[in-house]
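Here's the structure we're looking at; comments come further down.
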Amino acid sequence: MHTWRPYLKAAAKSMAPCLLLDKVRFRKGRASGVWRLLKKDDAMAAQGSGRWASTFSAVSGAPGQGSGASKTFIFSELTPQEAAREIIKKQNTDDAFFVCDLRDIVRKAKLWRQCLPQVTPYYAIKCNGDPVLLNELASLGVNFDCSNTIEMKTILDMGVHPDRIIYAHPVKSTSHMKFAQENGVRLMTFDCAEELLKVTDKHAKLLLRIKGDDLGCRISFNDKFGCTVDQARHILERARALHCNVVGVAFHVGVLYQSPEIFTRTMQQAEAVFEIAAELGNPMTVLDLGGGFPGGLRNIDKYKEVCISIRRAIDEYFPASKGVQIIAEPGQYFVTSAYYLAVRVVCKRRRDLVIDGVLQPHQDVFVNESRDNCVSRHLYQYSDVRIVPLQEPLERPRNVLTTLWGGTCNPLDLIDPEKLFFDVDVDEWLLMDNMGAYTLSFACGFNGTGFPAVHYICPHSSVGLIRQMVQRSLLRSGYTQPEEALKEDLLTRKQELLHLPTKPESG
């Protein structure tokens, strides 16, 4: 199993000072022995310069892209706001688009190591499957949480070693189990005795998922997944009878909890399951903390509070002397603050409202994105999204009662209900922050909204690499699911063509 351990290596003299984070494991023949060098300070310039030049690389659109999305822009050393303005000037469309700041991903990886050095992160790719993002995380030594064949295949095709993948879904299709076995993905979760009957891989390493303590949690997983501590003994006895190798416990405390102590209470329950396993003669060695780690530009302090609680709980229930490997499945933590969505105002309508008996000015603002597409239909109201104008004046009073609507024909496509907002003009651009989690992965193109292009900001030294990754896309960068579906379809068509007769059969 991959270990979360920094190594040392001298940086090339021509580069800015760097910090080597990790030696990561890739599949043989793909990228074995890859080292990732990261700058200590993203603002540091090449020698003799105060700031790297603001450069961009325009990558031609891949087959399948519309004419309006013919270029992907790659910038170095710009702010997301500056990059968005450059894209608006240079793109040949007025469609919404994303800006991904890959430097933010690097900062989050550093912060994780600082706050939870004993916990190995497995990024939950369902949160955001942008292939450029996934490759960046892989090079940073982050492992991956996959929940089906497509997600596992996506990561394996990048050359990532199967030991760096957890098949983290308590309920699995038999064909997906077969794929995992054939491709060496051994670590996986389950939560009931019935699921054990699907395990045919004698090398599988199973984690029993228990219910998290969801006290004060707005979004709980407990109705759908997890067993109780009382149920654990029967399940472990059944696993022993079936010769299944249960190596540890997994849980998920849920999302939007009020107190970080929710981790402490659940880890105490996990310790009880470890004790049951030991009594049955099957000592456990792995603890999976699941997800629920705060992300977002304004959640760093909350994340640090969560980490303090987790470190204390580790010291109390799973100290180093027990030799337990501790992992986690963060999703939104890594990606929320790295992505920005630029939208255009397509209509503004004045509609005064009577509130508490007083007539107040009100505006309906319609933008060219949707809650039915890339504006998360489930999490937007919890994501602390802030919207700012991209054109002057940048500082505007938020004193106009406003309803923000998505641009589709769906009458329920409401992004933000009545709230104080700044005055806007038709055709001006707005920038939404904290748009990395469950946005791209929810895109479906409903009502012709399409799939907003993704543009990137990265260190100057990475521009060429990002360019190559974008050029490999069959569709457009950022969208794993349709990309994998198209690959599968092309492969099937190719196989069908190979089996066509070379000449018409005689009648």
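Here the Cβ of each residue, glycine as well, is placed from N, Cα and C on the backbone.
Residues or ranges marked as domain 'Orn/DAP/Arg decarboxylase 2 C-terminal' by TrEMBL: 98-436.
Averaged across the domain 'Orn/DAP/Arg decarboxylase 2 N-terminal' (102-335), the predicted model reaches a pLDDT of 95. According to TrEMBL, the domain 'Orn/DAP/Arg decarboxylase 2 N-terminal' annotation covers 102-335.
Residues or ranges marked as N6-(pyridoxal phosphate)lysine in TrEMBL: Lys126. Residues near Lys126 (N6-(pyridoxal phosphate)lysine) in space but far in sequence (CB under 8 A, at least 6 apart, same chain), listed by position: Asp145, Ser147, Glu151, Gly331, Ser441.
DSSP gives Cys409 (active site, proton donor) a coil state; it is part of no helix or strand. Residue environment of Cys409 (active site, proton donor) contains 11 other Cβ atoms, counted within 10 Å of its Cβ in all protein chains. Residues or ranges marked as active site, proton donor by TrEMBL: Cys409.
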